[in-house]
């Protein structure tokens with residue numbers, strides 16, 4: 001709409017040199033694009049930091065020292081520390097299995113791996129509750145073994161693993177396909193074992209794609225809200241992660257705590273974006289070579 | 001990529017069994033993990049949905065409150081992703097074709113919704129767009145309330161679906177040859193004609209794919225929308241929140257029925273995205 005309107009108004013001046021017109025349209029378009037980005041993204045992002053430090057640095061630091069916050073931060077780190085390696089290993093296996101083989105239903109396999117992206121996190125959490133909950137398939141068995149999954153850490157780990165499952169595989173598959181098999185086959189003819197081939201040939205080739213996938217997995221694992229909220233029960237100091245802490249504090253009108261925790265999670269986002277930028281630059285340099 | 005390959009020499013013989021055996025551990029991990037994480041939970045939900053019988057399922061899935069939640073979710077998500085279809089294309093265009101200060105930073109910021117936890121997005125959008133927030137306070141005198149209304153849900157959905165169109169359109173624009181446009185110009189086409197007839201058609205599959213991806217994300221979104229909405233039934237209650245509320249009331253049948261409808265719709269969208277991407281590829285090798 002905007003683009004066509006801007007061009008439409010210029011129609012009457014079609015006789016003018018194209019370059020002059022382009023210059024004017026250029027600034028209008030840049031202006032609209034930046035205004036849109038500011039309204040939707042930038043102003044809200046800056047707001048997080050301003051709100052958190054409104055009461056001064058002291059109030060901010062104090063909010064970070066409450067036992068509820070510390071426990072939530074620890075839990076978030078524990079979940080990420082378990083989910084990220086597990087999904088990295090799975091992602092590598094799945095990527096290798098899919099990128100290195102032609103088989104019927106290959107497109108379907110990729111779609112299945114992508115599935116967690118299109119399933120609502122709340123529905124993902126619901127599935128886990130229906131499977132491991134008290135009335136679920138595995139509920140009675142787990143209860144007999146005295147092992148709690150729902151409203152406990154294992155359920156939160158499963159929920160986080162579910163929503164972050166595709167990232168590594170979907171970043172690594174295209175890189176593996178592009179690199180091709182020549183180097184691996186050469187290594188094999190030279191007598192390298194599977195593990196050696198993977199470690200010395202495949203891994204160096206895919207390292208940036210892999211790193212990208214791991215960064216995204218980590219960001220989502222630490223930031224996941226919906227799926228974890230469903231399975232955790234959101235009990236302070238027991239099953240409350242940082243995103244849940246943000247929501248809970250906000251609902252209880254503890255705005256300072258909510259924004260302090262939000263800043264910590266916001267920093268995670270900034271670090272993620274910076275790392276992503278570095279990875280992209282590295283791959284671009286490789287492209288030029 | 002300087003790859004000196006000799007296609008005649010093939011180390012691997014076309015023995016299927018041997019091929020499978022070579023990487024069987026990778027296959028086994030993939031299949032077992034996918035089954036445990038994805039297929040069994042999905043099956044659990046579908047079977048749970050079928051135990052109540054089709055009549056009961058239909059009753060719960062199409063109850064007035066559920067229908068209004070679908071309406072709020074899908075219509076708002078559609079509008080949000082369509083808005084991003086327009087502005088995302090514009091952003092991609094500006095980022096690919098023009099140079100301006102801080103362009104690299106702007107380019108990086110586009111990915112913020114991927115990196116920022118949704119609870120933080122919801123919290124800050126609710127604050128910025130509330131009646132005394134930075135942007136909300138400017139709109140309040142005009143009688144426009146955003147936070148805790150359906151408009152707020154729309155803003156949150158716009159936020160989280162913003163990167164999809166930009167990131168699908170950007171590479172296509174980058175590969176597009178500028179001389180096609182220039183020849184259109186030299187043949188006397190106006191800028192509008194050039195845009196409408198030369199630039200837009202090859203971009204369309206990418207734009208639609210981005211819109212569909214954003215729509216899919218917006219429909220399932222929970223974290224940002226739950227914080228920015230008042231979650232009032234028949235007003236701004238979205239389907240994921242309804243599932244959550246049903247679960248909190250231990251109404252497993254209700255949660256399952258609505259969850260199954262949402263799953264079916266997500267699968268439909270996924271299929272649509274795959275078809276759109278296949279359609280986009282027809283421009284690849286010409």
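Cβ from N, Cα, C; glycine included.
The domain 'ABC transmembrane type-1' feature in TrEMBL is assigned to B:70-273.
The transmembrane segment feature in TrEMBL is assigned to B:25-47 (among others).
Summarising the annotation, TrEMBL assigns transmembrane segment to B:68-96 (among others).
The feature transmembrane segment is assigned by TrEMBL to B:142-166 (among others).
Summarising the annotation, TrEMBL assigns transmembrane segment to B:195-215 (among others).
Annotated transmembrane segment per TrEMBL: B:222-243 (among others), in sequence order. For the transmembrane segment (B:222-243), the residues of the chain that approach it from at least six positions outside its boundaries are 64-66, 68-70, 72-73, 76, 117-119, 121-123, 125-126, 129, 147-150, 152-153, 155-157, 159-160, 255, 258-259, 261-262, judged by C-beta separation under 8 angstroms.
According to TrEMBL, the feature transmembrane segment maps to B:255-276 (among others).
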Within-chain partners of the transmembrane segment (B:68-96) [C-beta distance under 8 Å, separation at least 6 from its ends]: 103, 106-107, 110, 150, 153-154, 157-158, 161-162, 164-166, 169-170, 173-174, 203, 207-208, 210-212, 214-215, 218-219, 221, 233-242, 258, 261, 265
Tertiary contacts of the transmembrane segment (B:142-166), as residues 6+ beyond its ends and Cβ separation under 8 Å: 72, 76-77, 79-81, 83-85, 87-89, 91-92, 95, 110-114, 118, 121-122, 125-127, 129-131, 133, 135-136, 207, 210-211, 213-215, 217-218, 221, 224-225, 227-230, 235-236, 238
